[in-house]
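Pulled from Swiss-Prot:
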type    : residues                      : note
BINDING : Cys64, Cys67, Cys70, Cys113   : [4Fe-4S] cluster 1 binding site
BINDING : Cys74, Cys103, Cys106, Cys109 : [4Fe-4S] cluster 2 binding site
DOMAIN  : 54-84                         : domain '4Fe-4S ferredoxin-type 1'
DOMAIN  : 94-123                        : domain '4Fe-4S ferredoxin-type 2'
Amino acid sequence: MLLAIKDFFNSLLLKELFKGMALTGRYLFARKITVQFPEEKTPISPRFRGLHALRRYPNGEERCIACKLCEAVCPALAITIESDARADGTRRTTRYDIDLTKCIFCGFCEEACPVDAIVETQILEYHGEKRGDLYFTKDMLLAVGDRYEPQIAAAKAADAKYR
């Protein structure tokens with residue numbers, strides 16, 4: 001009964017309303033943290049999962065061994081791989097496509113890869129005017145990997161103790 005009376009007076013005096021207004025007032029005069037995005041950029045974590053890339057070994061050979069683990073583990077079914085056997089008995093990919101309109105950027109493909117062939121870079125600014133522009137082929141993924149290899153290697157090194 002006493003609790004009901006206390007609740008009645010609190011609601012009658014609009015205590016919750018004033019607590020909310022006090023909180024709003026506190027943030028109204030606090031320092032603003034808005035970032036003007038195209039001109040200013042916030043730091044990106046080494047674990048950020050952005051645009052995909054295929055990597056090469058230092059001798060120039062592509063890392064992907066066509067094990068298809070990334071294709072199997074992808075929950076969105078965004079990866080398509082085709083492969084052929086080479087003369088020395090190893091397999092290499094003939095087709096490696098990622099449909100970024102399906103991809104959910106979960107990072108499972110990167111975790112499943114035994115040779116670190118597929119990685120997600122820190123690139124977050126990419127777009128397409130048509131739906132097909134977000135369909136990345138093997139050559140496009142290798143070009144991204146070649147262009148950003150120093151950043152990819154630095155991010156891998158920064159994250160090495162957590163892997």
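In case you wondered, yes, glycine gets a Cβ from its N, Cα and C as well.
Everything Swiss-Prot records as a feature, shown here on the structure.
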residue	record	Cβ contacts under 8 Å, 6 or more apart
Cys64	[4Fe-4S] cluster 1 binding site	Leu54, Arg92, Thr93, Tyr96, Val115, Ala117, Ile118
Cys67	[4Fe-4S] cluster 1 binding site	Cys113, Pro114
Cys70	[4Fe-4S] cluster 1 binding site	Ile79, Ile81, Phe108, Cys109, Glu110, Ala112, Cys113, Ile118
Cys74	[4Fe-4S] cluster 2 binding site	Cys103, Phe108, Cys109
Cys106	[4Fe-4S] cluster 2 binding site	Arg49, Pro75, Ala76
Structural state of Cys64 ([4Fe-4S] cluster 1 binding site), classified by DSSP into three states: coil
The domain '4Fe-4S ferredoxin-type 1' (54-84) - residue tally per DSSP class, helix then strand then coil: 5 helix, 9 strand, 17 coil
Arithmetic mean of per-residue pLDDT over the domain '4Fe-4S ferredoxin-type 1' (54-84): 95
Tally of DSSP helical, extended and coil residues in the domain '4Fe-4S ferredoxin-type 2' (94-123): 5 helix, 9 strand, 16 coil
Residues close to [4Fe-4S] cluster 1 site centre defined by Cys64, Cys67, Cys70, Cys113, Cβ within 8 Å: Ile65, Ala66, Lys68, Leu69, Glu71, Ile81, Cys109, Ala112, Pro114, Val115, Ala117, Ile118
